[in-house]
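Annotation source TrEMBL lists compositional bias 'Polar residues' at 35-48, 1064-1073. If you look up TrEMBL, you'll see 636-718, 798-871 marked as domain 'BTB'. Positions annotated as region 'Disordered' by TrEMBL: 21-48, 1008-1106. Marked as repeat 'RCC1' by TrEMBL: 160-225, 228-277.
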Amino acid sequence: MTLLHVHFKLRNLQGFKAAIHTDASSDRSEPTPAPSTSGGRSWSKSTHASSLSATNGVNKFDAGCTVLHLACASKDGADLEYVRLLLAHPSINVNLQDVENRWTALHRALYHGNIPAALLILRRQDTDPDLKDFEGYTAYDLYNSTIEHSKPASSPSPLADLYTWGTNSNFTLGLGDGNDRAYPELVPLPQPEQPASAPIYQRFRSHRVRQTAMSRLHSAVIISESNSNLRLCGFGSGGRLGPGQHIQYSFTTLPQFTHTVVSVALGQDHTLVLTSTGEIYSWGLNRFSQLGYPVENTTQGRLEEPIQLTPRRILCPYRKDWVVEGVAASKVASACWTSLEVFTWGTNNGQLGYDRMSAPAQLSPRKVASLEQPVTSITMTDFGMACLLKSYDVILFYSNRHSKVNFPANAFPAEMKVYRPMRAVEDFRIVKIMSCDDNMAAMSANGELFMFSVPDPSKDKDRGMPRASRVWALRKQFSAVKDAALGADGSVVICTDSGHVFVRSRKAQMSAAGKTFKFRKIPYIHRVVAVSANNAGAFAAHRVEFEPRPIHVGGNVLSEDLAAIQPYLARLVSQENAAADLTLEPIPADPDTEDQAEDPVIAKDTLDMKKLLLLLSSSSTKSSSAPGSLRQPHGADIQVEVGQHAFPCHTVVLMARSPTFRQLLLSPKKAISSEAAEITLSFPKGRSKITSLPRIVIQGAHSITVLILLFYLYSDRILAIWDRRISASLQSDLTFANIRGEDMRVGLQKLASVMELPALQAALQYHVRTEPTPTMPDDLAKLYSDSQREASRLGSSPDVLLQLKDQVIRCYSTILRARSPFFADLFGDEDWTRHRKDANGVVTVDLAHLESRVMVFVLRFMCQGDEDIFDVVENVSSVDELLDLTFDVMAAANELLLDRLTHICAAVILRYLTPQTACFILSDATHLNAKQMVDRVQHYVSVNLELFLQSRLLEDLPFHLTKLLSRYIHAAQNAKSPFSRGDAQLKVAMEKHRDWLATEDFPTPLVRSARSRKESRISPKASRVRINAPERPSPGPSVRPQRSVKTQPSFDDIFSMEEDVTGATASLSNSRKQSVDAITPTHKRSYEGITPSQKPGWGEVSSVKR
């Protein structure tokens, strides 16, 4: 055990610093002389001491691990300082692999979720993240095996983002220019320009890709649109791109082609598509009759190439009740197939399925009679055609012959007998075939890839049918091939089950005759589900984005918040025994309705109806009011009287919900009556002796119907007392009050007609409970819009002015206090509001730190809308502006305690979560304490951590956020492997056997305090040189090595370092120039307190050149 191991295990940071400084100083000086092999020469103590600090102690192993391995595997955040000190050592080797698993320090850091340590290691230029352990895992592969959802989900045809790279000499990458790309780059597929009034999901949504096809001179993609979903790019000469004869650098729509394309195949000079209706269209150069129809030369007397510029339908002689399932194309021919038949056309080189001599060129589709089995896929070259049957066999048409292609099922020679499970035999079936130039390949279900060549038969007439050879063998399940494509000169691009991309290319140092190939992993991209390539050196990949769990939008909606401030129900709180009456068990219903009464909606309506009955059963509500009281529940400002009962209400609610109430409040001198309904509404002039509030008197209606009406105005719900499921539980209360449910329904119908409430009238037509059409959001939205333009009498004008930074907005305190706890407490203090009202009773609230562009969404949420408030955002022109605005709205919602609005903002932001925006979103979400969004973003980063580390996207993340991310990843790793990582079983065992543990006497370990006598035989007595330093108590227990008496003196003796350590400690202050300087990470958005302070945090390794 080295001295560094001892200090680290004791967590002696000061001693560790001194030891590593001494080791670094010795490493920079001249090499330590080798010990003598002479038996007569004694070992000196100074020589022994120097051997402890020199010889690169940072790279020494103890129990198979270096100190860096141990520090990176530590779960204690304070141990990051040890990692920083070790990486600052000039001789540190970060790529050393441990003895047990051959894990590097990066392996250990990622396996234990130590993201800060992994970031420090990756900052060094000598770090090799591609080193593999005994099982063939790189550090990233090892990490991905510890996290759920780290690989893309398998789906038949997922929508994906398109990435391209490679040679762009033919402009087939679709990136907007002709430059080559060494690494994958996202292909922009923007929407057509939308007006500002369009929904944001249409304005800022990029197209996703369903299928990609690439040929030598052009590329095509099928995007996620219902029609006109074909995009093309490349060379336009020859008509392969349609009417345009010029170069297209980006993917553009084919003009005047509005069909929905489901499959596309490309030859070198023509394009072949299959529509959703089963029709086949082709266009381009018809030099080899590959279009499926004759093309007439429009220029007389001149020899020009036959070119079809616009898509033209191919007439195929198949039965009308059969549907074309796919198309295939090569440079000289094309093919299509149905469920039972295959049709080919073009130049026949012996690959079309019929004799070449009888039909050297087939102008129109012709059935392949020799193929009678159903086909699932076809691929073509200039000299061969391979058909994948539904029986998973591959039939090759080549040189006027056809035969089955045999694939080597066993990776071992035939003479070797090895165990093969039944699953391996069942999974060995071909599921996909592909081709390019003279090569063909087949992919098996278990993830192996095979290749065979189909060259020109005229050059080798004696050549037999091709034989397949294995190109990619299955070793680990995560390395199984999920898709593959062939390129130029035998190159292959594949994507594995883990979502990684590998490209097979010829080794540069090998001769061409050797034909030695090597697979190379493509960095900066993963979660790939499909790949494409062409014979010009261009590649494409489909990357499926991880979709985090949606945000749960909790909290009350508008109607629920208004229902909570019904002033007349506030009296139940002050009444004695009211709470007890409401908690009584309901009266048992008959067996026919027992199951229905358990419906939570019915139970809630029953409880609310019981509250109204309890309110009516009390003494006269007029006399129960405190005479002359100025304090009304929830700021009620008007009273509705019916019979001997009076119910306090809010003017703004009555006026917004009922046109009749609004008319009465605007014209109080004129009563409103209905002869048919026999109901009259009046507004008395004088004040009541009981209350100072204005009054509305309703005559001709039952008190319970008025209460049910008011409950509907506040909550948008109907308490259907006439429904048997409700009335059965309230039978005793209804009998006592002499109330019949059907009479109440008829009376409520009359009252709804007088109040001009069509949604309520429609729901009352049924004799059972029916949900009315919600009208409250529209009613309050209209009221809010009108309040900004006009003022009314009798308190109907807004009573609150919000003084914003650039605008003054008028609002109603009733709505504000119902929706926001901030305003509820603000206006609930009558002493505060009474002294701040002006002559018109208006209170001005200073919110000058908020802009109107932000508060308009807050007020839209509070006064009218809900989750659709962000559907249309006209004042933004990009996703970045939308995210900035949404975060500003979320900040205002946090200030006003609008939890539901913060959830809505988080749901909108989560739609635009990408690797480029993740760190920015995580920083702002943490600042605003948006816990759900923080959890979703951390989950997103954890499953894409390989991409974030390779692209160095986490380097600008503040250190404290990195620690939180590391903590989340560690918890996610424990959740996936709770038994191997967690300590739940240990805790259960310790608790179970606690009594037994208390009775056991476990001895404490004994540490040797003196040297063995036999050790002194080879060495002289210890030197008695004293160190002129004051004695001080030991900072920890004395640790001495436990060695056998037969063991020779070791260079790792820790006690021979006492003098050197003391000297190193004295000179430690002079060597601080080599320590790591703190870094303050920068970030796009900055808030007070979010930037890390000058405390120990991120460090930059001084010995590593950036």
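Placed from the backbone N, Cα and C atoms, the Cβ positions cover glycine too.
Because TrEMBL annotations are produced automatically, they should be read as predictions rather than curated entries.
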Per DSSP, how many helix, strand and coil residues does the repeat 'RCC1' (160-225) have?
4 helix, 26 strand, 36 coil
Take the domain 'BTB' (636-718) and count its residues per DSSP category (helix H/G/I, strand E/B, coil), listing them in that order.
28 helix, 22 strand, 33 coil
Counting by DSSP, what is the helix, strand and coil composition of the repeat 'RCC1' (228-277)?
3 helix, 23 strand, 24 coil
Going by DSSP assignments with H, G and I as helix and E and B as strand, what are the residue counts for the domain 'BTB' (798-871)?
32 helix, 13 strand, 29 coil
